[in-house]
Amino acid sequence: MRIVINGFGRIGRLVLRQILKRNSPIEVVAINDLVAGDLLTYLFKYDSTHGSFAPQATFSDGCLVMGERKIRFLAEKDVQKLPWKDLDVDVVVESTGLFVNRDDAAKHLDSGAKRVLITAPAKGDVPTFVMGVNHQQFDPADVIISNASCTTNCLAPLAKVLLDNFGIEEGLMTTVHAATATQSVVDGPSRKDWRGGRGAFQNIIPASTGAAKAVGLCLPELKGKLTGMAFRVPVADVSVVDLTVKLSSATTYEAICEAVKHAANTSMKNIMYYTEEAVVSSDFIGCEYSSIFDAQAGVALNDRFFKLVAWYDNEIGYATRIVDLLEYVQENSK
């Protein structure tokens with residue numbers, strides 16, 4: 001599979017890192033970003049959160065060079081002018097955060113790409129897939145797809161375990177979310193969300209999120225049953241989902257823990273992880289699981305009403321699932 005990465009920010013760089021780390025058969029042929037290639041090479045090599053990577057990487061002749069591997073840098077703002085046909089691109093990893101609806105993403109197809117994977121919640125009628133939850137519903141005819149959000153990738157596996165074992169009546173989710181690049185280091189104007197413009201490392205900032213509602217896109221049985229909000233907090237990486245849920249059938253917190261533990265070792269292996277350790281957020285920097293269930297952190301009010309907690313590295317964990325989905329698409333499009 002020949003892919004290009006459109007947008008070489010936090011997620012774009014970590015997708016490439018994970019592809020190289022696992023020696024994936026995926027071939028990255030180009031990166032399109034308006035930032036200069038030598039600076040992007042520097043940002044790829046040195047990461048303040050996840051450490052340095054590919055120390056041998058250099059910028060030469062407009063390419064990111066690592067030994068025999070060369071990845072071409074492009075800096076084209078107009079998607080319809082990109083040379084995807086000439087490069088024989090199978091999939092565009094759309095990680096700018098800008099082309100999230102079908103019409104905008106389809107411009108990559110007009111440029112010659114065969115498929116687009118949006119690394120964000122998509123707007124409109126775009127099939128959304130969460131690994132371990134509904135990825136097997138992928139149809140090769142789906143030429144524009146979404147990998148949902150990092151938060152949905154944490155919540156949906158947990159919701160599926162609850163749905164399959166106990167049923168879900170309704171639930172509210174809060175994600176206590178690490179700061180992201182869209183936030184300001186110090187107070188500044190944010191027209192759409194005034195609070196979002198306040199200093200990221202000085203405040204706990206309430207914010208909106210569609211992550212809980214998006215679970216209904218991959219688990220239709222839960223459409224209209226989940227919603228939620230976010231608190232942006234002053235940490236660089238790792239977030240946590242707090243799910244308050246009313247179940248359909250009576251059970252115990254211990255039974256929920258057993259169901260999650262079983263799933264983590266079977267159907268959700270490599271997607272979910274179960275821990276009873278006294279963990280904190282930094283313990284999961286670099287963790288590749290989508291959802292780490294914290295058995296010590298949850299509580300029960302009665303036999304149908306529970307608060308459940310799951311951690312996730314909102315960068316590496318999510319980037320890993322993007323690579324998983326790319327490889328699944330490759331294997332199931334032949």
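Cβ atoms are placed via backbone N, Cα and C, with glycine included.
Within 10 Å of the C-beta of Thr119 (NAD(+) binding site) we count 28 further C-beta atoms, all protein chains included. Sequence annotations record features per position, and here Swiss-Prot assigns NAD(+) binding site to Arg10, Ile11, Asp33, Lys77, Thr119, Asn314 based on similarity to another entry.
Residues or ranges marked as D-glyceraldehyde 3-phosphate binding site by Swiss-Prot on the basis of similarity to another entry: Ser149, Cys150, Thr151, Thr180, Thr209, Gly210, Arg232. DSSP classifies Ser149 (D-glyceraldehyde 3-phosphate binding site) as coil under the three-state reduction. Counting only residues at least six positions away in the same chain, the Cβ atoms of Ala120, Pro121, Thr209, Gly210, Ala211, Ala214, Tyr318 sit under 8 Å from the Cβ of Ser149 (D-glyceraldehyde 3-phosphate binding site).
Under the heading active site, nucleophile, Swiss-Prot lists Cys150. Counting only same-chain residues six or more apart in sequence, the Cβ atoms lying under 8 angstroms from the Cβ of Cys150 (D-glyceraldehyde 3-phosphate binding site) belong to Ser239, Tyr312, Asn314, Glu315, Gly317, Tyr318.
In the three-state DSSP assignment, the secondary structure recorded for His177 (site 'Activates thiol group during catalysis') is strand. Taken from Swiss-Prot, the feature site 'Activates thiol group during catalysis' covers His177, and the record attributes it to similarity to another entry.
Fewest other C-beta atoms within 10 Å: among the recorded positions Lys77, His177, Arg232, that description fits Lys77. Among the recorded positions listed here, namely Thr151, His177, Thr180, Arg232, Thr151 has its C-alpha nearest to that of Thr119 (NAD(+) binding site). Asn314 (NAD(+) binding site) has a Cβ environment of 24 other Cβ atoms inside 10 Å. There are 20 other CB atoms within 10 A of the CB of Arg10 (NAD(+) binding site), with all protein chains counted. Taking the C-alpha atom of Arg10 (NAD(+) binding site) as reference, the shortest distance to any of the binding-site residues Thr151, Thr180, Arg232 belongs to Thr180. Lys77 (NAD(+) binding site) has Thr180 as its nearest neighbour among the recorded positions Thr151, His177, Thr180, Arg232, going by CA to CA distance. Considering only the binding-site residues Asp33, Thr151, Arg232, His177 (site 'Activates thiol group during catalysis') has Arg232 as its nearest partner by CA-CA distance.
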